[in-house]
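Here is the structure we will look at.
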Amino acid sequence: MDCDIFLVGLNHRTAGVDVRERFALANHCDEEHWALPCTGAVSESIILSTCNRVEILAAGTGEVAEQVLRNWAGARKSDVEDLRPYVYVHKNLEAVRHLFSVASSLDSMVLGEPQILGQLKTAYRKAVKSRATGVILNRLLHKAFSVAKRVRTETAVASSAVSISYAAVELAKRIFGDMRAHKAMLVGAGEMAELAAMHLLQAGIADILVANRTLVRGQELAKQFNGHAIPFEDMPRHLLDVDIIITSTGSQEPIIRARDIRAALKIRKNRPMFFIDIAVPRDIDPDVNGLDNVYLYDIDDLKEVVEENLATRRDEAAKAAEIVNEEVVQFSRWLASLDMQPTIVDLIKKGQRAAEEELAKTLKRLGPVDDNTREALEAMAGALVRKLNHDPIMFLKHGGMSQEGNGPRISIMRRIFNLDKTGCIYSEEN
């Protein structure tokens with residue numbers, strides 16, 4: 001393979017929510033894509049930016065990881081050295097393994113949750129639309145999707161998985177106990193909000209408000225759960241009516257300020273308010289934490305609820321990891337074939353030319369022969385070429401791809417079989 005695959009990223013393990021929101025790229029994918037493709041070291045790239053991770057998958061030659069870091073930091077108007085301490089870099093097979101694990105939800109905060117696969121598919125569609133992908137990443141992403149499907153089909157890793165939204169509602173139940181007497185508001189109307197609405201209903205809350213920048217989408221979600229949609233700009237004055245607020249927008253700035261909540265608390269006579277901010281960047285001003293009778297949790301605070309649900313799926317995760325490893329090996333063979341294919345083709349052609357030359361000399365010595373004899377000789381020559389080429393081709397194909405690449409093995413094969421010289425294979429003197 002003439003280029004390498006890199007995965008550069010940070011996630012909920014390497015960076016807190018404050019860092020993740022600082023370097024989030026969710027709103028930068030469409031408009032810029034940082035001009036990564038076809039510039040410098042990078043030839044293909046895909047950006048995955050969610051509440052729990054920002055990862056850039058790139059293919060190219062040379063200083064790919066450094067270029068990705070520079071463009072990433074530049075897109076967020078930050079210094080690359082501020083980003084570097086939180087970042088991991090995977091190369092080639094380790095990048096492939098990590099991507100397969102992410103797609104299969106083995107690297108998620110919520111092991112087995114289904115949202116990440118949809119988010120990855122969306123990221124891929126955006127990259128394709130931006131013409132940022134090519135042969136390598138197209139093949140890799142489609143393989144990742146099939147690996148995720150195989151993991152879900154052959155293991156029970158997702159059978160009892162909780163979503164972030166489920167964890168948020170569970171946390172609310174710990175604060176309020178009986179949820180039936182309380183009202184809730186969802187700020188945002190995406191997949192997270194839809195899941196939250198479902199879990200709120202199951203917990204006993206029948207009165208749900210939905211505030212969304214696009215009122216029509218808010219109305220669609222509210223209709224599904226017999227709720228009420230409100231204009232986004234009216235959201236602050238409705239804070240006094242609700243006890244539980246779950247936010248999940250894509251805003252780059254806080255949309256709920258401490259002053260808004262302070263005003264609501266006065267009218268509510270300090271009745272408790274419970275906020276769960278599952279957006280990255282965060283939707284709620286962190287200063288809200290300083291207010292009495294206000295419980296504010298962000299996405300990192302949900303880990304305890306998630307951990308309680310994890311034990312039952314660890315054995316299944318081990319089975320899923322085995323599937324990932326098998327698929328990495330399979331993909332490595334395809335990768336290896338990319339740079340080995342020219343050598344394999346040259347080897348086959350050289351064998352065919354040698355067979356044709358020797359067959360021509362043999363037929364000349366034999367003189368006129370019937371068609372059956374000619375066909376038998378041609379078949380024998382072809383069979384000999386295939387048998388003689390079998391072991392060298394297997395050596396090339398099944399060596400897999402190492403961190404050092406396949407160059408040394410290809411170079412040896414080309415030297416042994418003298419593939420870089422043209423002309424006749426054998427002369428009369430041979």
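Glycine is treated like the rest: Cβ placed from N, Cα and C.
Per Swiss-Prot, the features are:
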BINDING   THR50, CYS51, ASN52, ARG53, SER108, GLU113, PRO114, GLN115, GLN119  substrate binding site
ACT_SITE  CYS51  active site, nucleophile
SITE      HIS98  site 'Important for activity'
BINDING   GLY188, ALA189, GLY190, GLU191, MET192, ALA193  NADP(+) binding site
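Those residues of the chain, other than THR50, CYS51, ASN52, ARG53, SER108, GLU113, PRO114, GLN115, GLN119, with a C-beta within 8 angstroms of the mean position of the substrate site C-beta atoms are SER105, MET109, VAL110, ILE116, ILE164. Cβ neighbours within 10 Å of SER108 (substrate binding site), excluding its own Cβ and spanning all shown chains: 24. It is GLY188 that, of the binding-site residues PRO114, GLY188, GLY190, has its Cβ surrounded by the most other Cβ atoms within 10 Å. Cβ-based crowding with a 10 Å cutoff singles out ASN52 as the top-ranked of the binding-site residues THR50, ASN52, GLN119. Summarising the substrate site geometry, the residues cited as binding it (THR50, CYS51, ASN52, ARG53, SER108, GLU113, PRO114, GLN115, GLN119) extend over a maximum Cα to Cα distance of 15 Å. Within 10 Å of the Cα of ALA193 (NADP(+) binding site), not one of the recorded positions from the list CYS51, ASN52, HIS98, SER108, PRO114, GLN119 places its own Cα.
Of all Cβ atoms in the protein chains displayed, 25 besides its own lie within 10 Å of the Cβ of ALA193 (NADP(+) binding site). Counting only the Cα atoms, the space from HIS98 (site 'Important for activity') to SER108 (substrate binding site) is about 11 angstrom. Cα separation, PRO114 (substrate binding site) to GLY188 (NADP(+) binding site), rounded: 19 Å.
Within 8 Å of the Cβ centroid of the NADP(+) site, not counting the listed residues GLY188, ALA189, GLY190, GLU191, MET192, ALA193, the chain contributes LEU186, GLU194, LEU195, ALA196, LEU221, SER248, THR249. Using a 10 Å radius centred on the Cβ of CYS51 (active site, nucleophile) and all shown protein chains, the other Cβ atoms total 27. Of all the binding-site residues listed (ALA189, MET192), MET192 has the fewest other CB atoms within 10 A of its CB.
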